[in-house]
């Protein structure tokens, strides 16, 4: 399956999460998906490693205090908040999530990665159109008219928020879907090659010979002079052989 830059987006979210538990949860979910994909690529199953993720908001809201009574009270409060939000903007949140999920699911094959500003611009246009219809033809039931006209604008605003909340600003438009590895572009200068001479082996160090002492220098000079003046003397020797008769005579 083609990646959706989970590692890059998760790192971007975690770097900006601070103390916000919701942002940490989204970043941890993306990083867990990235690690799961890496394990799948090397042939390691999901059961080999357990991923620790921050609990969702509903659980954090209920379990914020110890004690059964406190948790029961927070459970009632959480249910009431969810009910009010669901009645007020529930359809808008569902529509906004669907629009964001469709674009995010198509992100690897789409020409442009999800961005927040198209959703925000569309929300502005839809809100302007809703206000114009309100002025031209006021509804008979004010609250129902406000609720119906607010849903599309809130949906596009929610989709814009989801695009930022799930880290899509960290992905460039010209990136290929992958594992989040950053591409490095190294400029190549149009320069002529430079020849560099490198010696094959380092030259042997030259050791200076110690200077001769004056007495040794004089002795060597005298030896050289004697060798030049010497002559070879040839001595001629006459050898006479006498026999016994001659000795007796």
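Just so you know, the numbers here start at 1 and follow the chain as drawn.
The backbone N, Cα and C atoms fix where each Cβ goes, and this holds for glycine too.
Pulled from TrEMBL, these are the features on record:
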COMPBIAS  197-211  compositional bias 'Low complexity'
COMPBIAS  212-222  compositional bias 'Basic and acidic residues'
REGION    197-249  region 'Disordered'
TRANSMEM  74-104  transmembrane segment
TRANSMEM  116-137  transmembrane segment
TRANSMEM  149-168  transmembrane segment
So which residues does the transmembrane segment (149-168) touch in its own chain, when a touch means Cβ under 8 Å and the partner is 6 or more beyond its ends?
-> 5, 8-10, 12-13, 23, 26-27, 30, 89, 91-93, 95-97, 99-100, 103-104, 113-117, 119-120, 122-123, 126-127, 130-131, 133-134
Sequence-distant contacts of the transmembrane segment (116-137), meaning Cβ under 8 Å and at least 6 residues beyond its ends, amount to 99-100, 145, 149-150, 152-157, 159-161, 163-164, 168-169
Cβ contacts under 8 Å made by the transmembrane segment (74-104) with residues that lie 6+ beyond its boundaries = 4, 58, 61-65, 110, 114, 119, 147, 150-159, 162-163, 166, 168
